[in-house]
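Swiss-Prot has this to say about the protein:
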- Cys15, Cys18, Cys37, Cys40: Zn(2+) binding site (BINDING)
- Pro119, Thr120, Gly121, Ser122, Gly123, Lys124, Thr125, Leu126: ATP binding site (BINDING)
- 3-56: domain 'ClpX-type ZB' (DOMAIN)
Amino acid sequence: MSKVGTGDSKNTLYCSFCGKSQHEVRKLIAGPTVFICDECVELCMDIIREENKSSLVKSRDGIPTPKEICKVLDDYVIGQAHAKKVLSVAVHNHYKRLNHQTKHNDVELAKSNILLIGPTGSGKTLLAQTLARILDVPFTMADATTLTEAGYVGEDVENIILKLLQAADYNVERAQRGIVYIDEIDKISRKSDNPSITRDVSGEGVQQALLKIMEGTVASVPPQGGRKHPQQEFLQVDTTNILFICGGAFAGLEKIISSRGRTTSIGFAASVLAPEDRRTGEIFREVEPEDLLKYGLIPEFVGRLPVVATLEDLDEASLKKILVEPKNALVKQYQRLFEMENVELTFADEALGAVARKAIERKTGARGLRSILESILLETMFDLPGLEGVEEVVISREVVEATARPLYIYADRTDRAGESSASA
């Protein structure tokens, strides 16, 4: 509390946090030695609400229920209901296993590692990133394409455990209860059906190296990372209770699945097979372990991923939602960029549909939406800083289809992009 020593303001009270006087705020709340204004109270409440949003509501046992986990995933990821259910149940059971082992020793609950299979741009990595945001156990993501067998140039598989250890602030006990997501797992498939042709240090060799840490072993991890040497001290991390989630696009797997069960015959009685016209995500639903073996995963590796969740192709409606609904939606990002030029950016509903259809044609999923928007808005973003009086830019379906230019709306007239100098 502070007072001004002159005039009538001698006894004026001030907020101890923001310094505003009692005349500048609606309410000033007094404590034993401090004062706080209503504005600071509201700010504190906003901070608390934001923190509560990012934390899961716990059930009676202190374990987030699958529905609670799925509800948070729904706020960030559009569609993929089945994959969300699988992940929610797996994470819920992971929590239960950890609690069970601290209370009982009669029945040992084995972990169920997860394999996520879905077309590129369907949301596999985003699901994992969202889990990392909402969980209260250590979480790390690794890229399988950077891994090699021990002794070769590249990252050892123990580096994955090191990243988890770093996420747990080098608390070994917390790291041993964490979750690891390995992306691009399909890129370490065996390069040949014949395992004895040559040494495959970045494919089958990595699968062999991952087997033990996924099953459960005590890994020796160098605290500073890098290669191991005899004089180095190691941290011992038990991976038995670490949940592993692997994800990959598995390009070409749909052909293996489609060909399974088809009988080839010749002659007049031969059956004529129509070409597969289903979408990739629909075909992935029928995946079997034998299909993964043909793709190039070794049997032991497939056996350590008992739970398989497939993701669907994103349809036009889902892609339109992705463009506008999430908190950091692409359209919102570009609208913010245009706001910096004091210009409003508007997309017609038909334009959003055209963008979604383009992404489907390119088979890039949600990942390709940004490149499409970038190409549509490139010329406008180039011209806009040099133009005066533009209040709004409207993107129509014709603009997306490259048959028209964006519409510029000025304070006193409308004009077409690129024609402003001619009519000025």
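Yeah, the Cβs are placed from backbone N, Cα and C, and that goes for glycine too.
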**Report entry** Shell list (ATP; ref centroid = CB of Pro119, Thr120, Gly121, Ser122, Gly123, Lys124, Thr125, Leu126; cutoff 8 A)
**Finding:** Gly118, Ala249, Leu311, Gly365, Ala366, Arg367
**Report entry** Confidence summary (mean pLDDT) of the domain 'ClpX-type ZB' (3-56)
**Finding:** 78
Query - Residue pair Gly121 (ATP binding site), Cys18 (Zn(2+) binding site) - Cα distance, angstrom, rounded - result: 46
Query raised in the report: So around the Zn(2+) site, Cys15, Cys18, Cys37, Cys40 aside, which residues have their CB within 8 A of the centroid of those CB atoms?
Result: Ser16, Phe17, Gly19, Lys20, Val25, Leu28, Phe35, Ile36, Asp38, Glu39, Val41
Query raised in the report: Distance between Thr120 (ATP binding site) and Cys15 (Zn(2+) binding site) at the Cα atoms, whole Å?
Result: 54
**Report entry** Proximal residue to Cys15 (Zn(2+) binding site) among binding-site residues Pro119, Ser122, Lys124, Thr125, Leu126 (C-alpha distance)
**Finding:** Leu126
Requested in this report: Would you mind pulling the DSSP three-state label for Cys37 (Zn(2+) binding site)?
Outcome: strand
Query raised in the report: What's the CA-CA gap between Ser122 (ATP binding site) and Cys40 (Zn(2+) binding site) in angstrom, rounded?
Result: 42
